[in-house]
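Undergrad: So that we are looking at the same thing, I have put the structure below in structure tokens.
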């Protein structure tokens with residue numbers, strides 16, 4: 001069993017190796033202009049090219065993106081404060097709802113937009129935007145369709161002596177009037193942020209790689225603790241306690257597995273908290289809530305061992321009911337949140353997800369086999385008891401049966 005866990009661990013790490021950072025290539029040449037530098041962006045096959053003018057701190061740039069819907073939108077912007085969506089000054093392109101022609105409008109992404117309290121409305125930017133325009137790949141006669149490539153041109157005046165810029169980009173499925181709606185929330189859509197030094201063309205890869213490594217460790221630890229060990233601990237208590245040959249050993253096995261799972265899960269939970277601090281612009285609401293719930297239930301279950309009444313205590317039955325309810329709730333939440341974690345990391349169709357499903361399926365198969373065996377034994381004993389009551393079983397068997405009771 002331990003060998004299986006180590007195999008699962010190394011398989012998960014291998015399959016969660018960082019993806020190729022950039023899936024598209026950048027270009028400095030467009031139909032209307034040539035730029036000095038370019039850089040591929042880490043998501044959505046986007047890229048950017050620019051020319052920086054140090055003497056007056058202005059930058060001419062072009063963003064290359066693509067639509068995911070004929071009625072969708074593509075946006076690009078700059079955040080001077082921090083690498084996150086909130087606070088970004090953006091230029092968003094979409095088909096005009098009246099004419100169908102491509103339009104480019106400025107938007108300020110304030111906190112109310114992130115919380116979806118109000119629709120996103122166009123308004124002038126409070127930064128030095130000197131010029132802006134947008135064209136579809138293929139010229140003016142090109143049409144907007146799923147996969148259509150767009151180029152957004154802009155000239156900004158930057159803060160003097162500050163060459164590192166936080167770029168934010170994204171795309172959505174549709175527009176309500178002139179208000180772009182929320183973008184998809186897959187990991188690639190929530191990771192569309194890059195910090196680039198426009199003077200040296202270097203990106204903040206080390207920070208992103210550190211976050212990626214923490215995500216892998218967080219996922220591996222939690223998948224093993226909450227998603228595998230905790231269910232195994234519950235199975236140990238349910239099916240081994242009735243084996244008389246084991247005596248009290250089943251309890252120590254159950255408690256040991258559960259304690260190790262909770263302590264290991266606490267490490268994974270702490271890493272998750274740290275990831276939240278390192279990624280202020282990304283919110284995984286359901287995953288976070290399920291994680292907090294599983295963590296609290298796990299420790300409630302652990303602390304309950306300190307208040308475990310003796311078998312002769314009248315409150316023992318209430319404690320057992322509490323222990324069973326909290327334990328099974330923690331197991332269910334832990335497993336569900338593991339699947340939610342795969343979705344958050346964008347690995348819902350990966351081999352790592354398949355490996356976890358195989359481990360979980362094996363455990364479920366063992367539970368089914370043990371449950372069937374328990375029912376067979378229960379039915380057999382019930383039949384023997386009935387025969388004893390009817391006097392159809394000899395005294396020696398009856399005696400031996402009473403001695404077992």
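Note: Cβ is positioned from N, Cα and C throughout, glycine not excepted.
Because TrEMBL annotations are produced automatically, they should be read as predictions rather than curated entries.
Model, not experiment: these values are computed from the prediction.
Straight from TrEMBL, here's the annotation block:
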- 1-23: signal peptide (SIGNAL)
- 44-172: domain 'DOMON' (DOMAIN)
- 179-379: domain 'Cytochrome b561' (DOMAIN)
- 216-237: transmembrane segment (TRANSMEM)
- 218, 254, 287, 323: heme b binding site (BINDING)
- 249-270: transmembrane segment (TRANSMEM)
- 290-307: transmembrane segment (TRANSMEM)
- 325-345: transmembrane segment (TRANSMEM)
- 351-379: transmembrane segment (TRANSMEM)
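Just tell me what is around each of these and how deep it sits.
TA: Along the domain 'DOMON' (44-172), the predicted structure has mean pLDDT 87.
Long-range contacts of the transmembrane segment (249-270) within its own chain (CB-CB distance under 8 A, at least 6 residues past either end) are made by residues 217-218, 221-222, 224-226, 229-230, 232-234, 236-237, 240-241, 243, 291, 294-295, 298-299, 301-302, 305, 334.
Within the chain carrying the transmembrane segment (325-345), a Cβ under 8 angstroms from the stretch's Cβ atoms is held by residues 16, 187, 215, 219, 222-223, 225-227, 230-231, 234, 237, 265, 284, 286-287, 290-291, 293-294, 297-298, 300-301, 304, 352-353, 356, 360, all 6 or more beyond its ends.
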Undergrad: Other than its own, how many Cβ atoms are within 10 Å of the Cβ belonging to residue 254 (heme b binding site)?
TA: 20
Undergrad: Run through the domain 'DOMON' (44-172) and tell me, per DSSP, how many residues are helix, strand and coil.
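TA: The domain 'DOMON' (44-172) comes out at 4 helix, 65 strand, 60 coil.
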Undergrad: So what sits near residue 287 (heme b binding site) in its own chain, CB-to-CB under 8 Å and at least six residues off in sequence?
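TA: 337, 340, 341, 344 - these are the non-local Cβ neighbours of residue 287 (heme b binding site), listed in sequence order.
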Undergrad: Relative to the Cβ of residue 218 (heme b binding site), which residues of the same chain, six or more apart in sequence, are found under 8 Å away?
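TA: Listed in sequence order, they are 268, 271, 272, 275.
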Undergrad: Would you mind checking how many other C-beta atoms are within 10 angstroms of the C-beta on residue 323 (heme b binding site)?
TA: 16
